[in-house]
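Listed in TrEMBL:
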type	residues	note
TRANSMEM	A:6-23	transmembrane segment
TRANSMEM	A:60-78	transmembrane segment
TRANSMEM	A:83-102	transmembrane segment
TRANSMEM	A:122-149	transmembrane segment
DOMAIN	A:130-423	domain 'NADH:quinone oxidoreductase/Mrp antiporter transmembrane'
TRANSMEM	A:161-186	transmembrane segment
TRANSMEM	A:206-231	transmembrane segment
TRANSMEM	A:243-266	transmembrane segment
TRANSMEM	A:281-299	transmembrane segment
TRANSMEM	A:336-356	transmembrane segment
TRANSMEM	A:376-394	transmembrane segment
TRANSMEM	A:414-436	transmembrane segment
TRANSMEM	A:457-477	transmembrane segment
Amino acid sequence: MWQQHLAILPILVPLLAALLQLLPWGDRPQPRRRAIGLLSSILTLILSIALLVQVNQDQMIVYALGNWSAPFGIVLMVDKLSALMMLITAILALPVLIYGCYAEDNLGSHFQALFQFQVMGIMGAFATGDIFNLFVFFEVLLISSYALLMHGGGKFRLRTTLHYVLLNLLGSALFLISVGTLYGVTGTLNMADLATQVQQLSGDQAALAKAGGMMLLIVFGIKAAILPLHFWLPQAYSTTTGVVAALFAIMTKVGVYAIVRVYTLIFGPEANELALIAHDWLWIMGLITMLAGAIGIIGARDLRLLVAYLVVISIGTLIATYSLNGVATTGAMLFYLIHSTFITGALFLLADLIAFERGKTASRIVSGKKMANHSAYSVMFLIAAIAIIGLPPLSGFVGKLMIMESASPTGASFWLWGAMLGATLIMLISVTRAGSKMLWHTLSGKANEQSAPLGKRAAVVMLLSLSVVMTLFASPIRNYTDDVAEQLYDIDQYPSRVLIKGVE
Amino acid sequence: METLYSVTVGILTACSVFLILRGRSFPVVVGITMLSYAVNLFLFSTGRLTIDGAPIYGTQETYADPLPQALVLTAIVIGFAMTAYSIILAVRARGEIGTDEVNQQDNSTEGNR
């Protein structure tokens, strides 16, 4: 039964690749490290596809590490949601790495290895079925992200990295406290086992578990950048290099994933006294996050900052939609999540390209000289803008339509519609203003000479074309995300599959 | 014993929160280190406090829960590495920016000490 090992291979392959890349490779190590990195990313992508197919067939792969069975040992629990998130990570990582291989990795040491470690951490966070193991994988991805955020050096990066590190250290401490509280009350760390234990709590015990659960919300809120905890994001994403910011497009989604996992499986609708403890908060915070992001993009004077605030808006949309707590809304949310991951990744890379070719004016939203590949970037920006704003015909429109349509039976949809449409209008104004200022109002005179390599542009086109693919295959993808959501809300199957199957 | 233990954790946490809220990176780093001590102690107590209990089931009448001990060990290792990294960062920030204010401020203003 080699197929069951598929669950761990997307974690092991990047780990092995990173270790290989760390070896001294002679005088010119970079080409070899790049080759290993690209090979690993392609392999991870293939494995993730195979994993998705396998999980689709078996419903869930439970992988007992060291063959220690479920409530006692640590298990990887790859259900459809995990497999989907792992596939998104793999698909995003490949073009970003291709972009990074064009000399971006020479700006600092060990970019290639850190990139693979980062992918490994993200994959592990998606795959694990144990809440303490989730903490460990969070740390793996955070440690790499600390170093990647510093990639390229410089004063501003140093300061934002310091903020980011300190904030996340605080988050890690809170994570441990909440995990400890949950363990103290329930005596287990396995997510599926926690789900059954939490259902039986009452009185004081339930109050303690609630405290633990709500503290987890703060931790995941920092990762996902939900409103009062989002202030690190615009600064961090806009000062780091484009390639790192593009990879980080998946990082906030790790937070969203953790929220979805914990507040559906453990504190979900069937947790009796602790049912849906976080959803009211998520609802309000999601809506206000959208608003905060919208205010941010109006004020942004830099294209990168603008894109960073677009990330904040998309997080708000995802969180608010998830908090409606329905199979249909979660299915729609997952579709939007896929779309927003790829398109914000593409936008960060595009902003980096534009900044490079504009030369002195960089990514500031002011008129500057023409770029060497001006028309190509204009078209790319147009496509990216249409997709991210949510104008027809691209996937942003489809995704927003799905969210609105799935939310409409509930009374809360009034606010969601209002917030989403309002945010969309502001996005439309701000993004078109940025585009017209940077791409139309060019200074007369000769165009800039410096031209980015073709491969970098190809990487952006790859990410952008995913939006087109998502539009063309919207129906099958939506069917799949609905499947994912259905499985996610079928909470009873988790303990039976994880706890019994793990023993074999 | 439980009271003493929880008071200790509480005081450690309170001190660390006070330090973290300061405006300079050195106290913040010290505060975070202190918080990680508090967290480790707290984690240790989640398996309930037992005196003279081996973490092995069946050998003695009282036994300690081994899992929190393993968790604390993991947390210590990770916390140690993170503290080292943040100290390096803080020192470099002090060197390159010329001030250890956590937030951007003009060098002319004295800032929030």
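A Cβ is built for glycine as well, from the same backbone N, Cα and C atoms used for every other residue.
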Where among A:6-23, A:122-149, A:206-231, A:243-266 do we find the most Cβ pairs under 8 Å to the transmembrane segment (A:60-78)?
A:122-149
Contacting positions for the transmembrane segment (A:243-266) when only residues 6+ beyond its ends and CB under 8 Å are counted:
81, 85, 88-89, 92-93, 96, 99-100, 104, 115, 118, 122, 125-126, 131, 134, 138, 141, 145, 148-149, 151, 191-192, 194-195, 198, 213, 216-217, 220-226, 233, 236-237, 276-279, 282, 304, 307-308, 311, 315, 318-319, 322, 330, 337, 341-342, 344-346, 348-349, 352, 463, 488-489, 491, 494
What else in the chain is close to the transmembrane segment (A:122-149), if you only count residues 6 or more beyond its ends and a Cβ gap under 8 Å?
7-8, 10-11, 14, 44, 62, 70, 74-78, 82, 85-86, 89-90, 110-111, 114-115, 157, 160-161, 164-165, 168, 172, 175-176, 179, 182-183, 189-192, 194, 223, 236, 240, 244, 247-248, 250-251, 254, 257-258, 262, 498
Which stretch from A:206-231, A:336-356, A:376-394, A:414-436 shares the most C-beta pairs under 8 Å with the transmembrane segment (A:281-299)?
A:414-436
Quick test of the contact rule: Cβ under 8 Å, at least six residues beyond the ends. What residues does that give for the transmembrane segment (A:6-23)?
33, 36-37, 39-41, 43-44, 47-48, 50-51, 54, 61-63, 65, 76, 78, 86, 90, 110, 112-114, 116-117, 119-120, 123-124, 127
